[in-house]
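These notes are about the structure you will find just below.
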Amino acid sequence: MSFLEIRNIRKKIGNIEILKGIDIDLEKGGFLVLVGPSGCGKSTLLNAIAGLLPPSSGDIVIDGQVVTDLHPSKRDIAMVFQSYALYPNMTVEENIAFALEMRGVEKAQRVTAVRQVAKTLQIEHLLDRRPSQLSGGQRQRVAMGRALVRQPRVFLFDEPLSNLDAKLRVEVRAEIKALHQNTGATIVYVTHDQIEAMTLATKIVVLKEGMVQQVGSPAEIYNRPANLFVADFMGSPAMNMLKGRVAETGIALFGSNGVVVPVPPSVTKKLPDGKEVIIGLRPEAITDDGLVDPTARSIAHIAAEVSMIEPTGSDTFLTGKVDGASFTARTRAEVVTELGQSFRFAFNLDKAVVFDPETGSRID
Amino acid sequence: MTTIEPMPVVTARRQRRSFADGIRDGLPKLVLAPSFAIILVFVYGFILWTVYLSFTTSKMMPIYKWGGFDAYYRLWSQPNWYVAMENLAIFGVLYIGICIALGLGIAILMDQRIRAEGILRPIFLYPMALSFVVTGTAWKWFLNPGLGLENTMHNLGWTSFKFDWLVNPKMAIYTIVIAGVWQASGFVMAMFLAGLRGIDGEIIKAAQIDGASTVAIYRRIIIPLLRPIFLSAFIVLAHMAIKSYDLVIALTGGGPGNATELPSTFMYSYTFNRNQMNVGSASAVMMLMGISAIIIPYLYSELREKNR
Amino acid sequence: MSGAAETANGTVSAGSARTARYFIYATLIVLALVYLLPLYVMLTTSLKSLDEIRGGDMLALPKDPSIAAWVKAWGEACIGVSCVGIKGYFWNSIKMVVPAVFISTLLGALNGYVLTKWRFPGHRIVFGMMLFACFIPFQAVLIPMARLLGAAGMSNSTAGLVFVHVVYGLGFTTLFFRNYYEAFPDELVKAAMIDGAGFFRIFWRILLPTSGPIIVVTVIYQFTNIWNDFLFGVSFSSGEASPMTVALNNLVSSSTGVKEYNVDMAAAVFAALPTLFVYVVAGRYFVRGLMAGAVKG
């Protein structure tokens, strides 16, 4: 049985429906990431789980207990906020101990618990300081300490890394991951950053306009996006969306002198001959010859004009143009080419995903 | 709102809201309620009461007998009321105008990296800390024709100097303007100074690079940027002008004769001394309408912007 | 943006720039002297004898400074028919100010807390109505309040004045705290809720300890306003129960006997002392309070 259940949660504020019936399950020890563009309702959903914003309808169940009507403090959850929300008038130690104090834990016990958490997070030397005397990274750690000391059933994180600079963000991200692996805590994590979602989650929920677009493991979300929105939102640079036409043997790309993408018969069977579809291909599935996946079953080569070259150091992204369509390819940094020249791209057609242009959904 | 609940998990224990939860949810409103009730009754209720009184025949004591617009009719046929209105117009225009001009002027001078700013600023502002009664008392003495400024000038050898505004019915209202300006202009200065300090220095640098002179920078950029301060200063001063009562009482007592009568003194004397409570109430209603006409649009726009 | 003067240095010759600075300083110093003059005259007059006042110059320093007028104003001056000085009225004002300031500040803090952190539908209307209450001319509530205090047996009592000042100060104190708490992060309140703190606990433990500056501002604002009030004092009290400002006015405007200007001025100094003291000690907060009352936010 799942540990955290979100059952048909709806939230209306005024006339606007922010959450339109969300259903999610999470097993004990899972790391659920809610990801989506701003305004998709992910923070509202997190606040509903926390009890800070009661849903209009639906239920939140934690460990078999319906907590929908419970006060936040009685749900046995802890939350790490975007701004960290450290009490400015208290020391780090008092901040971490506050929740225990509110629950009537004895002073001696509180001190022990705080020390232990401080040791885990390596903030023992900061215990007497005030939040205003801490750096961004240190504040973040104290905020985590405040959550950890409670040993709650569920941890909630609300974009906890968005106030850190790029380098620190990567560091703390790794720490959160290690924390999850070491403690086996159940975590719900909100972010708009798809890389955070990919690296941290055991389960990703992609939200848009208050509706779940897809639920799945990071690999599922990345390789088999349920629709065009998910395909476009997850991954950077974004997935290439190429117009194709259903043919007898598969799906034809780039007009008459292009290639045919072999697709399972289950796909073609659903589609009338000549229908337009969209083929999604990640940039890393279009490469130069040197990067071709040796295990790939079907590789097609297409010559295209190079219209942009973006070296990143580790690899180079080339934009190719053929038959009025353009696509982004990930090639080796060593590749030599020039703008306007023709380049021979290798398409790994195994990775192709087919979408219906009308509904936007993936066709299997 | 109805929802189609999925099959409930059999083991799920639903925690119901307890009575304590109900109290907790209502607590904030419970805490605010007394204050709001107080405001509702003692501000809005009392205003309605006053409005009602203005439509009665009340004399020395409230009489709840309907008198229609009689009190208003009588109010607007009192020469005294016209004197009060005229005085308010003179006082209001001069008080607001001079305070803003002087306040802005001093603020601009103070903004020129003055070394002694820390000493000067409190000097311009301290009158605001004083009671109008103290201010009135001090100025009454200062302007005393026999012993004050006039006497000082005579002692200095300027024997023809004459300054009898305080006892001159034509000029007495201007002594109130002087004392009022002295009291409030420092505060207006502080408002403008805060506004000047709040202007983005890069805008000024950009204007300097564009070749604007100091005068042009002030005239074309800084002063237009201070528009919200002008508005705030106007609101505060207008509201103080309409309400001001103590200053007149302490300085001239409304005299000589009725030369410095203002709506506020008019209201007080008709209500409590002349036993025409309905006329006094009517004048209070007029004052309220005057202030409302200024304040309500201002508050409305302020709250609008704030909550966006 | 005090950089504007630099242009003067850049575009005009150094000599005329210096002249401009002299002009600025001279103007400011003259103005400062004018602003100080009434206070100076008040103080020096209170230290002079009546003879010196009649025969001498208002601006001259006292030849033989004496605090006799101060002693008289405090303990012997006649206000109305009783000649016991202003000391009783001074204490009346203290007894009125302290509870009125305390209660209105506390209520304002709670109101501001509710109006920002525990919003409910209609909170904007409630706040708007409380805000407008700051600006009404008190003449519009004077008669009903006089009737009410009379009926409640509180007219001519300090308790009645405390009540009046709490009622009509609430709008301001609520405004101050609301604007202050508006900037206080909501996430802190949410965090405290999850940590298990309730409505009052969050207020006492999280908000109030960080409210120092706004408490000072509110207390100073209320103290100054209530101490300086005249209209309520003169309307709802008389004789021995009057506050300081009313007594001062009675003393100064009484026309019986010899006009003792030095005693009048000494009494005025007493009336001015508490607020001047607060202003000198905490001027920074005083200005902030005035501004908070004037410019919303």
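Each position is counted from 1, following the chain as shown.
Glycine is no exception: its Cβ is also placed from the backbone N, Cα and C atoms.
Listed features, source TrEMBL:
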TRANSMEM  C:22-43  transmembrane segment
DOMAIN    C:90-282  domain 'ABC transmembrane type-1'
TRANSMEM  C:96-114  transmembrane segment
TRANSMEM  C:126-146  transmembrane segment
TRANSMEM  C:158-181  transmembrane segment
TRANSMEM  C:202-223  transmembrane segment
TRANSMEM  C:265-287  transmembrane segment
Interface check, the transmembrane segment (C:96-114) with the transmembrane segment (C:202-223), three or more C-beta pairs under 8 A: yes
When counting Cβ pairs under 8 Å to the transmembrane segment (C:22-43), the leader among C:126-146, C:158-181, C:202-223, C:265-287: C:265-287
Positions on the same chain near the transmembrane segment (C:265-287), where near means CB under 8 A and six or more residues out: 42-43, 45-46, 69-70, 72-74, 77, 86, 90, 93, 213, 216-217, 220-221, 223-224, 227-228, 244-245, 247-248, 251-252
Residue numbers, six or more beyond the limits of the transmembrane segment (C:202-223), whose CB comes under 8 Å of its CB atoms: 97, 100-101, 104-105, 108-110, 113, 117, 165, 169, 172-173, 176-177, 180-181, 184, 188-189, 192-193, 274-275, 278, 282, 285-286, 288-290, 292-293
